[in-house]
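As annotated by TrEMBL, domain 'Plant heme peroxidase family profile' applies to 66-392. The disulfide bond annotation in TrEMBL covers 76-156, 109-114, 162-388, 241-266. The site 'Transition state stabilizer' annotation in TrEMBL covers 103. Residues annotated as active site, proton acceptor in TrEMBL: 107. Marked as Ca(2+) 1 binding site by TrEMBL: 108, 111, 113, 115, 117, 129. What TrEMBL records for 204 is substrate binding site. Positions annotated as heme b binding site by TrEMBL: 234. Sequence annotations record features per position, and here TrEMBL assigns Ca(2+) 2 binding site to 235, 279, 282, 287.
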């Protein structure tokens with residue numbers, strides 16, 4: 001496998017992301033950081049094949065507007081407080097909802113940017129993202145966002161986007177559960193369409209190996225370290241038996257007694273929807289226990305444990321992407337040489353987070369800020385929906 005890259009200032013690239021496992025098709029995606037592929041890259045990965053193929057390089061264009069924490073200061077200054085109150089009420093009713101609202105924002109941003117496309121119901125024009133395999137029977141919290149949107153609309157009709165509500169709700173959920181806070185920049189607008197196909201190929205799966213994860217986040221402009229930090233969102237929430245069954249029966253990188261405890265209620269067949277906490281230590285507390293679990297080989301999902309494991313081929317690709325860490329001073333910010341492959345670069349970060357909870361919390365907040373700025377619609381693009389589930 002060849003993975004040759006170089007930097008080129010002021011250039012934006014477009015690539016195809018292909019998923020031959022579930023759809024057999026590709027979608028075009030804007031790659032956020034300036035770079036050019038020197039050779040076509042084809043990644044053969046476990047159960048899923050992703051390929052990044054260069055289509056074109058073009059001069060970067062202005063986005064038409066910028067995000068700002070003060071965006072609604074004159075048009076709807078009460079919006080953040082309304083969102084926060086709605087989130088607190090929802091989490092008092094069901095603590096698990098905090099993880100659901102955080103995941104809504106993540107799954108929104110990874111599919112054509114943070115534009116609230118995940119909230120759109122199917123219509124005569126498109127099949128939306130709600131029934132895509134990574135979302136179906138998994139993503140929840142739509143009714144909470146709808147309720148908050150209704151309250152915001154009463155205060156400031158037609159002003160605050162659903163995309164911004166998702167961003168604020170994710171932050172407020174983490175804070176309520178004991179996690180870090182961060183400044184949420186606002187001014188996103190809502191998309192006019194959604195794509196089930198895009199969701200199928202853009203979102204990470206629980207079966208992903210380390211290389212799959214690295215490529216998936218890298219394609220979004222998210223650095224390798226941010227990928228490991230954002231994975232810590234799995235310190236809260238639940239997962240269905242069907243998402244971790246293969247891991248507890250077929251993988252070797254799992255503590256045997258932990259696997260047996262899960263097998264008691266997640267059999268080899270059936271009981272697909274039985275839930276288990278992603279973090280067995282403190283499932284309702286946003287902390288660094290997720291990484292402590294990984295160090296002890298008690299990650300619930302295959303993709304989780306890969307951050308502290310990964311086979312040799314996966315570690316090689318991960319090291320390539322780690323050394324080309326675009327947002328964190330890698331070759332695209334001045335270097336140009338891919339260093340020799342070393343051991344799993346994620347493992348050192350995982351151990352650091354397990355030992356230093358403050359470091360994780362700080363990195364997670366920084367990662368959420370960056371993720372929230374993935375391809376937002378601004379200026380006159382998109383619209384401000386009246387109802388989050390349908391276009392105006």
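Glycine too: its Cβ is placed from the backbone N, Cα and C atoms.
Curation does not apply to TrEMBL; its annotations are automatic.
Keep in mind the model is a prediction, meaning the values are calculated, not measured.
Here the features listed in TrEMBL are painted onto the structure.
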{"residue": "108", "record": "Ca(2+) 1 binding site", "contacts (Cβ under 8 Å, 6+ apart)": "114, 115, 116, 117, 118, 119, 163, 166"}
{"residue": "113", "record": "Ca(2+) 1 binding site", "contacts (Cβ under 8 Å, 6+ apart)": "374, 375, 376, 377"}
{"residue": "156", "record": "disulfide bond", "contacts (Cβ under 8 Å, 6+ apart)": "72, 75, 76, 78, 79"}
{"residue": "162", "record": "disulfide bond", "contacts (Cβ under 8 Å, 6+ apart)": "116, 119, 145, 149, 190, 385, 388"}
{"residue": "204", "record": "substrate binding site", "contacts (Cβ under 8 Å, 6+ apart)": "110, 134, 212, 213, 216, 217, 303"}
{"residue": "241", "record": "disulfide bond", "contacts (Cβ under 8 Å, 6+ apart)": "265, 266, 271, 272, 273, 274, 275, 276"}
{"residue": "282", "record": "Ca(2+) 2 binding site", "contacts (Cβ under 8 Å, 6+ apart)": "235, 289"}
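Within 10 Å of residue 234 (heme b binding site), counting CA to CA, the recorded positions 107, 109, 111, 129, 279 contribute 279. Within the set of binding-site residues 129, 279, 287, the entry lying nearest in space to the residue listed as 'active site, proton acceptor' is 129 (CA atoms). Around the Cβ of residue 109 (disulfide bond), the same chain contributes 220, 371, 372, 374, each under 8 angstroms and 6 or more positions distant in sequence. The Cβ neighbour count for residue 115 (Ca(2+) 1 binding site), using a 10 Å radius over every protein chain in view, is 28. Highest local Cβ density among the disulfide-bonded residues 76, 114, 388 belongs to 114, counted as other Cβ atoms within 10 Å over all protein chains shown. With respect to their backbone Cα atoms, residue 287 (Ca(2+) 2 binding site) and residue 129 (Ca(2+) 1 binding site) stand 30 Å from each other. On a Cα basis, residue 279 (Ca(2+) 2 binding site) lies 15 Å away from residue 103 (site 'Transition state stabilizer').
Taking Cβ-Cβ distances under 8 Å and a sequence separation of 6 or more, the neighbours of residue 111 (Ca(2+) 1 binding site) in its chain are 117, 118, 129, 194, 195, 198, 199, 202, 203. Other residues of the chain with a Cβ within 8 Å of the Cβ centroid of 235, 279, 282, 287, the Ca(2+) 2 site, are 236, 281, 283, 285, 286, 288, 289, 290. Each of the binding-site residues 129, 287 was scored by how many other Cβ atoms lie within 10 Å of its Cβ, and the smallest score goes to 287.
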